[in-house]
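**Q** Pasting the relevant annotations from Swiss-Prot:
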TOPO_DOM  1-65  topological domain 'Cytoplasmic'
TRANSMEM  66-85  transmembrane segment
TOPO_DOM  86-97  topological domain 'Extracellular'
TRANSMEM  98-118  transmembrane segment
TOPO_DOM  119-247  topological domain 'Cytoplasmic'
TRANSMEM  248-268  transmembrane segment
TOPO_DOM  269-277  topological domain 'Extracellular'
TRANSMEM  278-295  transmembrane segment
TOPO_DOM  296-646  topological domain 'Cytoplasmic'
ACT_SITE  ASP333  active site, 4-aspartylphosphate intermediate
BINDING   ASP592, ASP596  Mg(2+) binding site
TRANSMEM  647-666  transmembrane segment
TOPO_DOM  667-674  topological domain 'Extracellular'
TRANSMEM  675-697  transmembrane segment
TOPO_DOM  698-713  topological domain 'Cytoplasmic'
TRANSMEM  714-734  transmembrane segment
TOPO_DOM  735-759  topological domain 'Extracellular'
TRANSMEM  760-780  transmembrane segment
TOPO_DOM  781-792  topological domain 'Cytoplasmic'
TRANSMEM  793-813  transmembrane segment
TOPO_DOM  814-821  topological domain 'Extracellular'
TRANSMEM  822-842  transmembrane segment
TOPO_DOM  843-956  topological domain 'Cytoplasmic'
Amino acid sequence: MAEKPEVLDAVLKETVDLENIPIEEVFENLRCTREGLTATAAQERLSIFGYNKLEEKKESKFLKFLGFMWNPLSWVMEAAAIMAIALANGGGKPPDWQDFVGIITLLIINSTISFIEENNAGNAAAALMARLAPKAKVLRDGKWDEEDASVLVPGDIISIKLGDIIPADARLLEGDPLKIDQSALTGESLPVTKGPGDGVYSGSTCKQGEIEAVVIATGVHTFFGKAAHLVDSTNQVGHFQKVLTAIGNFCICSIAVGMIIEIIVMYPIQHRKYRPGIDNLLVLLIGGIPIAMPTVLSVTMAIGSHRLAQQGAITKRMTAIEEMAGMDVLCSDKTGTLTLNKLTVDKALIEVFAKGIDADTVVLMAARASRIENQDAIDTAIVGMLADPKEARAGIREIHFLPFNPTDKRTALTYLDGEGKMHRVSKGAPEQILNLAHNKSDIERRVHTVIDKFAERGLRSLGVAYQEVPEGRKESAGGPWQFIALLPLFDPPRHDSAETIRRALNLGVNVKMITGDQLAIGKETGRRLGMGTNMYPSSALLGQTKDESIAALPIDELIEKADGFAGVFPEHKYEIVKRLQARKHICGMTGDGVNDAPALKKADIGIAVDDATDAARSASDIVLTEPGLSVIISAVLTSRAIFQRMKNYTIYAVSITIRIVLGFMLLALIWKFDFPPFMVLIIAILNDGTIMTISKDRVKPSPLPDSWKLAEIFTTGVVLGGYLAMMTVIFFWAAYKTNFFPRIFGVSTLEKTATDDFRKLASAIYLQVSTISQALIFVTRSRSWSFVERPGLLLVFAFFVAQLVATLIAVYANWSFAAIEGIGWGWAGVIWLYNIVTYIPLDLIKFLIRYALSGKAWDLVLEQRIAFTRKKDFGKELRELQWAHAQRTLHGLQVPDPKIFSETTNFNELNQLAEEAKRRAEIARLRELHTLKGHVESVVKLKGLDIETIQQSYTV
């Protein structure tokens, strides 16, 4: 051990070319053997070479904190702070220090909350991503074990197999050549072949084969590590960030317009004094900007991401949450996702093709062509049929094992029997095994008949073949292959798959089965799961189908209507995703293998299922840690709840901006009312503190896929904000210009006086604006009536605490610096009552906006035909014709005729009409059977009588 540091020092300084010297010299220089390192030696080398990972630059905590004050919304607040001490310094008054301090305090509070929450979210995300850290099979102390790739050191012996991402730079040892995808490193588009002695780079992907290798470089010393130092990381602006920017810009522009109008009217027209004008501008700046928006939305997303992880879905990309919320098509693997991937073989159904061989011998041959360790589901099922798994290698000596790969779709074992004769046995996809057989033409028809018979019962087929190798060399082709038998494999559906698919459809997510199995198996599984049997072979994707009923349909439409596809290869998955995206669908795709990576990357939401390969996980947006489809649907619901919280807040933020800008601008310009800027700061601080709790609010997920609709957000915000602004103007008019409130409620008057002391009026306006503005969140957070959908207790508690503080300030505060005076409990009660009355129509306004934006209201206004026709059921014939046409087209009986549909009608609406018609018919039938009134009406209709002339009473 004494000489090791010097030798390893040479390796550390890269003075030895380990990539090109002979493999034996590699072992000599690394002071290791083919039996691997000991755990002690590995630990010593870890202290020399460091962990096998790229160290990220540590960001300064202080600079990160300041970064939260560096965005367009914060810039506006910072401009307001400068205005408070620089511009608001005239008219015989000192600078507005209280507003300056208040603004800075508000900025610090928001930045602190953002910093703490993002730091917590970052720590949680790091812990979650640690669960996804790549693993490596490494030989230590003479035993193979799975370790984190980060603890690999030069000299370790590792195992590389299909789907693995190479964990470190290494030299290959004896074994079959690998197909390595180095496109991420070298730009080579095609996989390259690497044999024994060749070097492989960290970060490349194994596309085919299995082999052992010796690690020669780790961490920053790898080819990938050196390249990473030369490249700066790039931050891609996501859709979420664009939406955030758009909403922020809308609010800033609204404030700018209000300020420009105020400047034009106050100074050139009204000839107002300088200082009051600046104060009014500060009110719009401070009150209108949604300074908490980045914090609220980021915190909501981070908390939601953590909740998803608890449900078994780890989000690698935060913005995948909003895409998951909008997903309307999910292309799901069958095996392992819709089914258990726990295969069973019915020995009684085994179909033997070779003479003199029984079912037990077939099982033994299939077991020999299986792995004893590190098994897949098929290996487990086959070897599990033996009385003792050791029987699979009993009496033979293994020479060479060919692992499964997507190209050959089979495994094979070359072995020596007790007499020293060499044999080879193979199992795999029936077509591949059949192609090996020397008598393929004689048995092909029978093989396909058996396969179809199995498939009709939902059983997969596994072929087994055997050959002798008289040459006695593992490289030799051997004698003729003999097709031995077909084994039936049954993969039972998950107990919750059918219910989950039904839930998905109710949520507007269409689940399509994507399977590599036969069409008949796909249809049988679809039938059992209740997802439909409208499935097609993969040849239909290429327009090569011979089925005349679907040959006339465009491929895009075929994919959109299909319940699934069978016989699918990874390249077909990519095509399916591309076509669905072209039809404006938000598409999710599940995958587990290395060849699924392109489709997972192409999909809007790539989902790596439980036990997926490193390559699939790397390409995905979401990694599942639990098996089954139910995890995905639960993640969809959670994502929609997260999205709903963000959407609720953005509508609220826009509403408050419009409400503050329009309301205070009108008060300033009509009655020359100067509201104290400091009180707007108090409103902002209390509002922001309360609104932070919306990230944990109880919400109802949307029943349909969600997406950012900026027109809806802006329209709803402008209308609700405009309504609240007008109610404040009306309240001001009633309190200032009339004696309505004193006459009705017996409170002191706030009417206009000779001195026009606005102090009490300012307190009244403060309380009116504060309470109704914050109460608006209960309207924007609910889809139906706000008093029906129960909010989270934290939000309710925060609201009442904030408004209790606001009420106490309005009742008791006599702050000369803020120009307010207490109004007493009488006025406080009047204002709360006024705001309750103001609150009631908000839900109705929300419903009207939603109805108007849906387009249906405009159809009625523009067409005007329904209102003026004498027909009782206008357009009934056209609707019936459209529905019948849609049904015939959906079942492939008729080519779609675009002329028959109006611009506002589509297949989905017609299908919905059809479903509603079915439900109405069923309700009518049950009503006729089970109610006396229904029975009487049925008889009257059947006899052709007029019910008005029948003088008898009946009971409902």
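Positions of Cβ are set from backbone N, Cα and C atoms, glycine also.
What's the neighbourhood like for these features in this structure?
**A** Beyond the transmembrane segment (66-85), the same-chain residues lying 6 or more positions past its ends with a Cβ under 8 Å from any Cβ of the stretch are 95-97, 99-100, 103-104, 106-107, 110-111, 114-115, 245, 248-249, 251-252, 255, 278, 281-282, 285-286, 289-291, 293-295, 677.
The list of residues near the transmembrane segment (98-118) in space but at least 6 beyond its ends in sequence, with Cβ under 8 angstroms from a Cβ of it, reads 64-66, 68-69, 74, 77-78, 80-81, 84-85, 88, 282, 286, 291-292, 294-295, 298-299, 302, 677-678, 681-682, 684-685, 688-689, 692, 817-818.
Here the transmembrane segment (248-268) has long-range neighbours at 71-73, 76, 277, 280-281, 284-285, 288-290, 293, 653-654, 657-658, 661-662, 665, 668-669, 714, meaning same-chain residues at least 6 beyond its ends whose C-beta is under 8 angstroms from one of its own.
Sequence-distant contacts of the transmembrane segment (278-295) (same chain, six or more residues past either end, CB-CB distance under 8 Å): 68, 71, 73-74, 76-77, 79-80, 83-84, 87-88, 90, 96, 99, 103, 106-107, 110, 113-114, 117, 244, 247-248, 251-252, 254-255, 258-259, 262-263, 266, 649-650, 653-654, 656-657, 660-661, 664-665, 668, 674-677, 680-681, 683-684, 687-688, 691-692.
Close to ASP333 (active site, 4-aspartylphosphate intermediate) in the fold, though at least 6 residues off in sequence, lie ILE514, THR515, THR590, GLY591, ASP592, VAL609, each with a CB less than 8 Å from its CB.
Secondary structure at ASP596 (Mg(2+) binding site), taken from DSSP and collapsed to helix, strand or coil, is helix. Around the Cβ of ASP596 (Mg(2+) binding site), a 10 Å sphere holds 28 further Cβ atoms from the protein chains shown.
Within its own chain, the topological domain 'Extracellular' (667-674) is flanked in space by residues 261-262, 265-266, 270, 272, 276, 279-280, 283, 728-729, 732, 736, 758, 761, 765, 819, which lie at least six positions past its ends and keep a Cβ under 8 Å from the stretch.
Residues 239, 243, 246-247, 322, 325-328, 506-509, 586, 637-638, 640-641, 643-645, 647-648, 650-651, 654, 781-783, 789-792, 850, 853 of the same chain lie 6 or more positions beyond the ends of the topological domain 'Cytoplasmic' (698-713) yet place their CB under 8 Å from a CB of it.
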**Q** Counting Cβ pairs under 8 Å that are 6 or more apart in sequence, does the total for the transmembrane segment (822-842) and the transmembrane segment (760-780) reach three or more?
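**A** These two stretches do touch.
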**Q** When the pLDDT values for the topological domain 'Extracellular' (814-821) are averaged, what is the result?
**A** 82
**Q** Which bits of the chain, at least 6 residues beyond where the topological domain 'Cytoplasmic' (781-792) starts or stops, bring a Cβ under 8 A of a Cβ in it?
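**A** Hits for the topological domain 'Cytoplasmic' (781-792): 644-645, 648, 652, 693-694, 696-700, 702, 842-843.
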**Q** Mind tallying the topological domain 'Extracellular' (814-821) by DSSP state, helix then strand then coil?
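**A** Per-class counts: 0 helix, 2 strand, 6 coil.
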**Q** Give the nonlocal contacts of the transmembrane segment (714-734) in its own chain as ranges (CB under 8 Å, at least six residues past its ends).
**A** 250, 650-660, 662-663, 666-667, 670-671, 673, 740-741, 761, 764-765, 768-769, 772-773, 776, 779-780, 831, 834, 838, 841-842, 845-846, 849-850, 853
